Amino acid sequence: MNVLIHGFGAMGRIVEEVAHAQGVNVTAIVSPGSDEHTATLNEVDVPVDVVIDFSNPALLPDLLAFGRERNIPLVIATTGFTPEELAEIETASQEIPIFQSYNTSYGIALLKQLLDQLVPLTLGYDIEVIEAHHRKKVDAPSGTAELLARAIEAKRDVTPIYERTSRREARGAEELGMHSIRGGTIFGEHTVLFAGDDEMIELKHTALSKRVFANGALAAAATIIDRPAGLYNLSNLYEEATHVTHKRL
């Protein structure tokens, strides 16, 4: 598998490190404004089977154009897309395979599967999503928190509430509280709290290093490389991992 890494910040560097450890061939690194690596996708002239993108939303048009023109699958793990940009990704997926997720860890894929099963059973419980990240993270709430919120909304009629300071009223049963914590060097922590009468249930995922996201991105690349055009997500990553586990058993 020949991988192109698009975006060579902290995550891009870890993807390269993990790829080499797994024996995956990194044929190109594209880092806009870099003197050390290729500056633009248009300059790439080596074999590429799949692109792993940890860049920023401003580079999305060039990324989608590159994938479409060269018929190359894309793993898009960049965060902070607008609804319009997500729509552009979906449109492009009609022509090429695209895996898009704000979180590429298997643990979050598993957490989403647990929510799909648990949320329908929690009528009468108030649900809150709490996420914590390092002090340098700009967007809030995190893309992963939004992903979890969408999973909950799909199973219960709730509405995300992002602040309560200005609300002088009791919590409604249809509310889905969203909370963000920023500080220190926290890699990423997501908790879904189900608060009932006299009891609470918590589902929690904690990333202990960024390698978990690199491993997931490479697994996603391997998952979609031979797939038909379409939009793939964490559910596909979970299904693939489960299939491999069953084969080993």
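Note that the numbers count up from 1, one per residue, in the order the chain is shown.
Cβ from N, Cα, C; glycine included.
Positions annotated as active site, proton donor/acceptor by Swiss-Prot, on the basis of sequence analysis: H133. Annotation source Swiss-Prot lists active site, proton donor at K137. For A77, T78, T79, S101, Y102, N103, T104, the entry in Swiss-Prot reads NAD(+) binding site, with the evidence type sequence analysis. As annotated by Swiss-Prot, (S)-2,3,4,5-tetrahydrodipicolinate binding site applies to H134, G143, T144, with the evidence given as sequence analysis.
All features noted in Swiss-Prot, drawn onto the structure.
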{"residue": "A77", "record": "NAD(+) binding site", "CB count, 10 Å": "25"}
{"residue": "T78", "record": "NAD(+) binding site", "CB count, 10 Å": "21"}
{"residue": "S101", "record": "NAD(+) binding site", "CB count, 10 Å": "26"}
{"residue": "Y102", "record": "NAD(+) binding site", "CB count, 10 Å": "21"}
{"residue": "N103", "record": "NAD(+) binding site", "CB count, 10 Å": "25"}
{"residue": "T104", "record": "NAD(+) binding site", "CB count, 10 Å": "28"}
{"residue": "H134", "record": "(S)-2,3,4,5-tetrahydrodipicolinate binding site", "CB count, 10 Å": "12"}
{"residue": "K137", "record": "active site, proton donor", "CB count, 10 Å": "16"}
{"residue": "G143", "record": "(S)-2,3,4,5-tetrahydrodipicolinate binding site", "CB count, 10 Å": "17"}
{"residue": "T144", "record": "(S)-2,3,4,5-tetrahydrodipicolinate binding site", "CB count, 10 Å": "26"}
*NAD(+) site, defined by A77, T78, T79, S101, Y102, N103, T104: further same-chain residues with Cβ within 8 Å of the Cβ centre*: I76, Q100, G143, T144, F213
_Least Cβ-crowded entry, counting other Cβ within 10 Å, from the recorded positions listed as T79, H133_ = T79
*May I ask you to report the DSSP-based helix, strand or coil state of the residue listed as 'active site, proton donor/acceptor'?*
strand
*Where the distance is taken from Cα to Cα, which of the binding-site residues A77, T79, Y102, T104 turns out closest to K137 (active site, proton donor)?*
T79
_Taking residues A77, T78, T79, S101, Y102, N103, T104, which bind NAD(+) in the record, the widest Cα spacing (Å, whole number)_ = 11
_Using only C-alpha positions, which one of H133, H134, G143, T144 is spatially nearest T79 (NAD(+) binding site)? These are the recorded positions in the record._
G143
*What Cα-Cα separation, expressed in whole Å, is found between Y102 (NAD(+) binding site) and G143 ((S)-2,3,4,5-tetrahydrodipicolinate binding site)?*
5
